[in-house]
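J.: If you look up TrEMBL, you'll see 18-264 marked as domain 'Nodulin-like'. TrEMBL lists 81-102, 108-134, 146-169, 175-196, 216-238, 244-263, 355-376, 388-406, 418-441, 447-468, 480-505, 525-544 with the feature transmembrane segment. Per TrEMBL, the feature domain 'NFD4 C-terminal' maps to 347-549.
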Amino acid sequence: MQSRDGGYSTERSTPPLRWMVLVASIWIQAFSANPYNFYSLTVKRVLNINQFQLNLLAVIKDFGEYAGILARILFNKLPPWSLLSIGALFAFLGYGSIWLVASEKFTSAPYVMMLVAIFIGPNSASWFNTAVLVTCMRNFSHSRGLVAGFLKGFVGLSSAIYTLIFTSFLNYDSLGLLLFLAIGPPIVSLISMNFVRPINSQDMRNEEEELSKFIFVDILCIALALYLLVATILEAWVTFQSKLVPGVLTGVMILFLVVPAFVPLSHYLEWSSAQQREAAIAESLRQPLRGQRSSRKRRYRRALQMRSRLPDIDEGDEEAFFLALAEGAITEKKGSHPHRGEDFKLRQALVKADFWLLFLVFFCGVGPGIVTLNNLAQIGEAYGITDVTTHVSFLSVFNFLGRLGAGFVSEHYVRSHALLRSVWMGIAQAVMISANLLFAYGTKSLLGLAAAIMGFCFGIQFSIMVPTASELFGLKHFGVIYNFINMSIPLVSLCFSALLAGIIYDWKAGPGNVCEGRVCFQLTFLVLTGVCVIGFLLSLILSYRIRPVYKTLYPGHSQEVHEKTNISSNQSAEASSAA
């Protein structure tokens, strides 16, 4: 097949594996979460610690989960399967050690052991996330928002998947869940890692067909999210007599996860059929040809017309330019500093105001969500709710919908209207204020609504931050830059979860380090309301500053408006002349 640069592309000579990479990455992300709320109360009881000490464990957990500097540095030096292998090892060692402490099989300095183990286990997620996210962002460089929405979305949905496993398959056994975390994710990673690899594909002519595949997987993912929500509610509210029901519920969930594999399978069958046609054409052209040279040319043209589609030939420089932009913006000139949209190194990005604005906007946006995730079991306990599995499911499913929806919606509007992605981060933080107020002043019956709003707005922050960082600072060193911004999450956990929420909770707690009533977290969420206001204002400043970048990266809307203006002006001039 003729390529844009006049050579021949390898797209047709190798199987189309990009979608298989994405599906395998979805499987890995679907089991990469850390369902901390389901075993935090067990840890608190076994170790006999207060809320501040428990939240300190949560801070260490968040540092482990999001401190992936080493993984990001090694990504450009090692193949993805090696990072996935390291992640599988960390999951096995970390969660296995947590299980030993929680089951009281390890009694020598258990709190110190827990501090180490709760860093190592969740740290596996940073290795999984780096391997699949950066690989897929490069494989689908022209659909960054969609890919980020999928992969970050399944991290959010992972908690709902574990909720169903915890309630149906494990029958609310927190120790069994820890054992599953030590075995399940490593097995999924080891099975899927052979598919996760960089694919050099620059064929963008089937963009509409690719979008239809994204929409198909989108629908499947939303159906899975709704199924998990309904199944969890049924498990919590209905007592099933048959022991087969939990197995059936889990089996249907696994079936939902397997179905997306049909997308790359159908793509492979199409590619195989095209290969067979081209092989037949090539074989026919090798046979001796009779007749004049003109007759030979006619038969050759007829053979070419048998192809499913002819290659595009006269493609202008403009398309090549936008392809270069999609592959990571503009190449950096030697001896000059990169500009917005070009490939930045971390040290170059650290001196840019836009980088720190994005960092702070993300910091403010994830703050309330991290506090809720780390303390949901205690929030429910304060309101008199002993089983928070339904609330965890609400938080997880809407977290997924926020991540998935933000990726899809931002990708649409940035291409059709050049609407800045950072605008959505500000809108989400404005809406998040309502969730903070519901947690601060709400009632027991409103906790589900508060968790849903919080999860949705929390998820939006991730799906917007990822492509925004890649568009401002390029894809070449994206792994390190993305990880540095992600380090805001453990800082949030330390400031707002351990120091703010933990200290206030212990201050209000009664006997047995247990606090009851809305006063336990009321002041915490009022402070977080102010944090969201600050984040909203910072998002407006960031959006104003980076407008030129998006006019350069996505000029289609501006050109369309300019053309419509010219047409309107010409029509007015013609009307005036006619008059």
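Heads up, the Cβ atoms here are built off N, Cα and C, so glycines get one too.
TrEMBL does not curate its annotations; it predicts them automatically.
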J.: I'm a bit unsure how to read this: which one of 244-263, 355-376, 418-441, 480-505 has the highest number of Cβ pairs shorter than 8 Å with the transmembrane segment (447-468)?
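T.: Most contacts with the transmembrane segment (447-468): 418-441.
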J.: May I ask whether the transmembrane segment (175-196) has at least three C-beta pairs under 8 Å with the transmembrane segment (81-102), counting pairs 6 or more apart in sequence?
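T.: By the criterion, they touch.
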J.: Quick one: do the transmembrane segment (480-505) and the transmembrane segment (355-376) have at least 3 Cβ pairs under 8 Å, skipping pairs fewer than 6 apart in sequence?
T.: yes
J.: Suppose you look only at the domain 'NFD4 C-terminal' (347-549); what would the mean pLDDT be?
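T.: Looking only at the domain 'NFD4 C-terminal' (347-549), pLDDT averages out to 89.
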J.: Contact between the transmembrane segment (388-406) and the transmembrane segment (525-544) is defined here as three or more C-beta pairs under 8 Å separated by at least 6 residues; is that satisfied?
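T.: No; fewer than 3 Cβ pairs under 8 Å.
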J.: In terms of Cβ proximity under 8 Å, which residues at least six beyond the ends of the transmembrane segment (355-376) contact it?
T.: 36-37, 40, 55, 58, 62, 349, 388, 391-392, 395, 399, 422, 425-426, 428-429, 432, 435-436, 439, 451, 454-455, 457-458, 460-462, 465, 468-469, 472-473, 481, 484-485, 488-489, 491-493, 495-497, 500-501, 505, 521, 524-525, 528, 531-532, 534-535, 538-539, 541-542, 545
